């Protein structure tokens, strides 16, 4: 009593306390960062190594394996995958959530150093690492185009000037430059001219290497001066290499230009990038795992004018893709939803109380509670994101509940003629314990979420804490500010109703009277109600088992990614044509705003595309509908497939895949893996639950297998080293010398001119100079035949791995796909040597599925414990929790009605319902117990009276919660696919529970009371006997 009086009789102190809470919240709001979701990125580090010309199998065995053995010893590595392709190896290390990325990077560098002695000596550079996940979609893509500068020059500007500057911006983890390669002097050899002059490819390589040398020359001194010696020992351009003498034939000089075409070109001509229909260089910017995407993008945008000034005016620097606009739009939608929810909740209060003065009180309490929460969010290191703002939206219904319960009880005493301050004190004292019970039991629901580990726990923690803090502040406000305002603002008389509201009042009275009559009948037919309650429990189980499930709702971020997978033997020229064809099909779609793409590098038969859709207001279809439409058009392109997927804010795993979900096959027997992977992939491709089924196993690339006749080689004076060097010189784009410039270093690249390598007859033109100086054709000591070879070799851990990726067709859920894959694996009879498991997001979904039921049970158990402690009873908490089955049925039915799968967001809704619907039972039980203790009423009379007295606040709190969630259901625009499942779950659960619990709770209360009496009599009878 004294606690409540302290605030009621000291209005200035109470007001200032509330003002202080509000001001702290405003300051916190201004300093909170903005993000699409809570920080849930796994720490990921990518290690890259190169050995130009090496086959994928050579890269896997000689580069990937030694590095994997060393990297695998690092503490905290949760997953290690690698992919080796032509001349390149990439290892992805995913660490535990709690692993510091900087500490992990130091360990990675130490592991690379430890493995250095085991790596091939011919590697042009040491392995490097980056603190970024290559499978993440870029947060921003910049493009460089020009009508006057070549692609190589544009690439040079991008990699030498722009990329290093952008990499230094806070939050940037990696800047990947694509679309071409660095400038280089390319030497295209003419095999016939070399043969005619008696010059070997090694002669040319040695001559060029010796002619371009950068060594110190020293200095000259006399008594008074010092001269630095400088020579023309370096060759910089193709024109300077052209007259280089590489050999003498019969006394005549053979110059490089006589046997080769020398051009200023690029290091790797098998690279191409485009934006819309124009050649372009792409800068794909990815953030650090712990970085805030909005802050990082804003920082990059702020530096763009400076970046533009560092490159020539003839180069056009543009933003081709930016993830931030849709994130900002989504958050604006949530903020609007929050404002609408607050307005609707206050409208509900006004309709029930029919008093402007009384409505002002919750209209003040709600904003104070919500705004004050921002301060706690800032102190906890949270952000303004979709989940935290949804928590505040849902909190509007919760925080007003406390104020409603206090306000309604005080108003009841005022209408009975009590003085305002006395009514405030008495009314608050009566319901103080009720409000405390409702708030503590609601917070208790979220305790299991706070203890939940892994990605789901990290994702839901911010939601749970935000909502719990809002409820805590609401509890304080409802017991301090609300009774004070009631005592000083409300009058000791019945409120004057506006004429237009009298009808609503009469309707509410009629509704209450009808409820009283129906309740009397129900209390006389308790068995029927008991059967209904048991039926709802059974229906819950059946609905949960049968409802489609997924991990997270499919988002429409306005950005699509596309992976191109072509025939494994396709040439680069043909692949570039495929890229152009696919980009034209997509660019012509009316919903597409911008398209960028690239192909080439170590995997010629693959490419990537990044598609920006028009804003949601300018298109009628969702991203998935657009993908479905484009899929039909893209299927007509022969020889290649383009797999599209909508970019999501949550991406798990480091595998770069052409679809959203992955299923990984592992084996220690590579032959078994290569045998079974095609069978499994073909089987999965026939399943209607899966779409865009593809695999990263590519072991049918065209290969020319050369077989040396070692006896003949020995007789002719040729060793294998010389023969292999010939092939590398001719076909490996071999980097034979370095050109040093002030800003960068460039290469001299040698190969047989592409004009002479159009078919396998090019091998017949190759020759080796033996130890006697004779030119020996390759065909004299080698035979060749076409064969198949892998384009890439993949590992997970230290096992061979193949990853099958898939998307979900419209109307199918991840649970449908998972079950279908499990059935298919069983039907195929896959041997034990080949192990299959879900990876990435699909793996997290499997883990979450296993813990969902446990989480719900833990929440119910926690609420039971808290209620048991508060009521000092084993029975009353069961009465209160009997409201849950009807809410569960309503939520699951609503999800099925709206064709929404059960996701992590829907799970949040179920958890919230556990806290919401029990409030009605708490109000009933509290007043029934009070009536039994002090009113000398029978249990049936007490619960009947409690139901009637609490009918108005029950309707108010339920409708407040319902109208608080309704804008989530009706919201459209950006991010609505995240909000709607939460709103659907809550609204469906509230409607069903409101219809049933007004009757089931009194019946359960009487059942347990009779059960208690029956057990309390038995000991007495035993003593009498």
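Backbone N, Cα and C atoms are what each Cβ position is placed from, and that goes for glycine too.
Sequence annotations record features per position, and here Swiss-Prot assigns transmembrane segment to 3-23 (among others).
Listed as Cβ neighbours of the transmembrane segment (333-353) (distance under 8 Å, sequence separation of 6 or more from its ends, same chain) are residues 359, 362-363, 366-367, 370, 386, 389-390, 392-393, 396-397, 400, 404, 407-408, 411, 495, 501, 504, 508, 952, 955-956, 959-960, 963-968, 971, 973-976, 979. The transmembrane segment feature in Swiss-Prot is assigned to 333-353 (among others).
Outside the transmembrane segment (360-380), and at least 6 residues removed from its termini, the chain residues within Cβ reach (under 8 Å) are 18, 21-22, 24-29, 31-32, 338, 342, 345-346, 349, 388, 392, 395-396, 399-400, 402-404, 407, 462, 465-466, 469-470, 473-474, 477-478, 481-482, 485-486, 489. Feature annotation from Swiss-Prot assigns transmembrane segment to 360-380 (among others).
Positions annotated as transmembrane segment by Swiss-Prot: 387-407 (among others). Non-local neighbours of the transmembrane segment (387-407) in the same chain are 37-38, 331, 334-335, 337-338, 341-342, 345-346, 349, 353, 358, 361-362, 365-366, 369-370, 373, 377, 427-428, 431, 434-435, 438-439, 442, 459-460, 462-464, 466-467, 470-471, 473-475, 477-479, 482-483, 486, 912, 915-916, 919, 923, 953, 956-957, 960-965, 967-968, 978-979, 982, 986; each lies 6+ residues outside the stretch with a CB under 8 Å from one of its CB atoms.
The transmembrane segment annotation in Swiss-Prot covers 431-451 (among others). Listed by sequence, the residues of this chain that lie at least six past the ends of the transmembrane segment (431-451) yet keep a Cβ under 8 A from its Cβ atoms are 4, 398, 401-402, 405-406, 409, 457, 460-461, 463-465, 467-468, 471-472, 474-475, 478-479, 855, 858-859, 862-863, 865-867, 870-871, 880, 911-912, 914-916, 918-919, 922-923, 926.
Only residues 6 or more beyond the boundaries of the transmembrane segment (463-483), in the same chain, are considered here, and those with a CB under 8 A from a CB of the stretch are 3-4, 7-8, 14-15, 17-18, 21, 38, 361-362, 364-365, 368-370, 372-373, 376-377, 380, 382, 387-388, 390-392, 394-395, 398-399, 402-403, 405-407, 410, 424-425, 427-428, 432, 435-436, 439, 442-443, 446, 449-450, 908, 912. The annotation transmembrane segment is assigned in Swiss-Prot to 463-483 (among others) on the grounds of sequence analysis.
Sequence annotations record features per position, and here Swiss-Prot assigns transmembrane segment to 528-548 (among others).
Residues or ranges marked as transmembrane segment in Swiss-Prot (evidence: sequence analysis): 853-873 (among others).
When Cβ-Cβ distances below 8 Å are used as the criterion, the transmembrane segment (875-895) is approached by residues 441, 533, 536-537, 539-540, 543-544, 547, 860, 863-864, 867-868, 901-902, 906, 909-910, 913-914, 916-918, 920-922, 925, 929, 981, 984-993, 995-997, 1000-1001, 1004-1005, 1008-1009, 1011-1012 of the same chain, each at least six residues removed from its ends. Among the features that Swiss-Prot reports, transmembrane segment is placed at 875-895 (among others), with the record citing sequence analysis.
Look at Swiss-Prot and you will find 897-917 (among others) tagged as transmembrane segment, backed by sequence analysis.
If you look up Swiss-Prot, you'll see 953-973 (among others) marked as transmembrane segment, on the strength of sequence analysis.
Look at Swiss-Prot and you will find 984-1004 (among others) tagged as transmembrane segment. Among residues of the same chain six or more beyond the transmembrane segment (984-1004), those with a C-beta under 8 A of the stretch's C-beta atoms are 394, 515, 518-519, 522-523, 526, 529-530, 532-533, 536, 878-880, 882-883, 886-895, 897-898, 900, 905-906, 908-910, 912-913, 916-917, 920-921, 924-925, 943-944, 947, 951, 954, 958, 961-962, 965-966, 968-969.
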Recorded stretches the transmembrane segment (528-548) and the transmembrane segment (3-23) touching, at least 3 CB pairs under 8 Å: no
